[in-house]
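Some notes on the structure that comes next.
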């Protein structure tokens, strides 16, 4: 009986370990950026969106109607205007599933960001559905991200030069800012066909309907006049 009692606890722990490992294996696909694809290609059929069909992604175009152009996008080759009517001094060109129909169900996308010299900034924002890996193609950037409050709200920041790479974890607020007299260009890759972008300032001060002024005043420990002034300057989320 004593021997059985000695064996019972290790056996229980071993069973619990197997259960945890099993749950992790089952949960692993859920942690992926996008669902696994169920066919070789599923080129987005934008026209069907006019009807009642809605899915997590886009419905598939009939394969007979698919062409090589569905998998092509030339938009990242050209620099965007970061000067005209652009208070932040940066502009993003996205190559996601809305721009490249062939990306539908493939779970990846890219973007190009152009920055004006001397402080062109991509303001604090988050990608709720993707991790971002950023490659600096031209110039120099100061970059950083902030961990969640439970992790101490710590800022990880550094300078990234031409040819170097920095990673922003999924869902965390992050920013980039150009450093020096030359314009900067960055190419980003995401592990989602639609990473989404939630800019902190636009989400809080440009939402429609608006976030109540008194809520923001208390959150930022300021007065309603300051909040209203910020709201008047911030563009709505895109």
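Quick reminder: no glycine exception, Cβ is built from N, Cα and C everywhere.
What TrEMBL says about this one:
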type	residues	note
BINDING	125, 127, 132, 174	Mn(2+) binding site
BINDING	127, 132	oxalate binding site
DISULFID	42-60	disulfide bond
DOMAIN	83-228	domain 'Cupin type-1'
SIGNAL	1-32	signal peptide
Exercise. Pick from 42, 60: which of these disulfide-bonded residues has the biggest number of other Cβ atoms within 10 Å of its Cβ?
Worked result: 42
Exercise. Around the Mn(2+) site (125, 127, 132, 174), what further same-chain residues have their C-beta within 8 angstroms of the site's C-beta centre?
Worked result: 126, 145, 168, 172, 173, 195, 197
For this session: Might you list, by sequence position, any residue in that chain lying six or more from residue 174 (Mn(2+) binding site) with a Cβ less than 8 Å away from its Cβ?
Result: 124, 125, 126, 132, 143, 144, 145, 146, 168
Problem set entry | Largest tally of Cβ atoms lying within 10 Å of a Cβ, found at which of the binding-site residues 125, 127 | 127
Problem set entry | Neighbour count (Cβ, 10 Å) for residue 132 (Mn(2+) binding site) | 23
For this session: Would you mind reading off the Cα separation of residue 127 (Mn(2+) binding site) from residue 60 (disulfide bond), to the nearest angstrom?
Result: 25
Exercise. To what whole number does the mean pLDDT across the domain 'Cupin type-1' (83-228) round?
Worked result: 97
